[in-house]
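Feature annotations, courtesy of Swiss-Prot:
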type	residues	note
BINDING	Ile18, Gly60, Val61, Gly62, Lys63, Thr64, Glu65, Asp249, Glu314, Arg386	ATP binding site
Amino acid sequence: MSNFSPREIVSELDRYIIGQKEAKRAVAIALRNRWRRQQLEPGLREEVMPKNILMIGPTGVGKTEISRRLAKLAGAPFVKVEATKFTEVGYVGRDVEQIVRDLVEVAIALTREKMREGVEARAHLNAEERVLEALVGRTASPATRDSFRQKLRSGELDDKEIEIQVADAGGGMGSFEIPGMPGANIGVLNINDMLQKAMGGGRTKTVKTTVKDSYKFLINDESDKLLDQDEVVRRALSSAENDGIVFIDEIDKIASREGGMGAGVSREGVQRDLLPLVEGTTVATKYGPVKTDHVLFIASGAFHVAKPSDLLPELQGRLPIRVELRALEKEDFRRILTETEASLIKQYIALMETEGVELEFTEDAIVRLAEVAVDLNASVENIGARRLQTVMERVLDEISYNAPDRSGSKMVIDAAYVDQHVGDLAKNTDLSRFIL
């Protein structure tokens, strides 16, 4: 767990997300509180619960991105789920406990990756021995092996093709599922794992690859042999329980409006199933039981039709921190195009560079792109920052199509060029409803 201060966390989020200071502050404090909790004595540490967050705001304003960047910054296990994908227990569909099982799988992958770094040097040496074995065989003399080892390290043999045996991660029978209930028992009964243990280890497969590319397979393979798999699982479960972040999107879609009938019953059932998960329960996974008491839950929704007060009172109480994200304005769009770390403009310039085409956007073009995006959001449907992608694709459609034939040329995009390609379309809202 990183020990960034709230100000540093907000500053890092500012590199990728424009505006939404209140939401950034809320998640920054939540992340810092996790670090603070780790500094407490064990008895008190168990009593400090995370303050779950409810984000309210229209689509495309940064709700998901804030959570995703936060998890990346913290190096924490993170899963994003949509509330509408789940059904209450007893109905056909995924049950909410699958969220925790997915979180554990992410934690296992993250932990294994971190632990591999600690044994990478030894794994590299072991991988080198296996490459030599593939090149000269097991019976080669020490002098021959040393000669090939020097060639291998100098890069002379990089393009030579070899055959290697690596662990077969895919295949097998996978997890057992109850028919008609996809996801119901994933991770609890894994027949593939049971068969592998019965046969004394995992399966292998033969891969044909170049010497250079073989290291990618072999280093991972050798790293896993050096790792204590029980320790990987122990650390991963601890990471999921103490550092895990779950982002539940579209929670407004399972809010039952007053007087609602029919599907409202099932939606309320999903809310009731979420209650113990958010408050703290123990979920059985194939790696062992996982407690959710200290998992941070961030729920979000547009709440166009339903209101936060339409959620079950018990669920509202388990989402104590509420932040409202505002709709984006013209200046926000301009800043998104120019100030973010990997802005759309930087992406398109880099993409065209691969074709030998130099792309340049004038300041008035950027302002015009922002204006068109705002106008379309107002007149058609407000999809937030995602509108910029459709506008940019429309503007650069011709350049992208002809780029291979224009290698070595320079293209300047100004306001007139933007108007020429999307101006009329933006004005005709009936038409743009279907095209943009």
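The chain as shown is numbered from 1 upward.
Cβ atoms here come from the backbone N, Cα and C positions, even for glycine.
Structure coloured by features recorded in Swiss-Prot.
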| residue | record | Cβ contacts under 8 Å, 6 or more apart |
| --- | --- | --- |
| Ile18 | ATP binding site | Gly62, Leu328, Asp332, Arg335, Ile336, Glu339, Thr340 |
| Val61 | ATP binding site | Gln20, Leu325, Arg326, Ala327, Leu328, Gly384, Ala385 |
| Lys63 | ATP binding site | Ala23, Met55, Gly57, Asp249, Ser300, Leu325 |
| Glu65 | ATP binding site | Tyr16, Ile17 |
| Glu314 | ATP binding site | Leu275 |
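DSSP assigns Glu314 (ATP binding site) to a helix.
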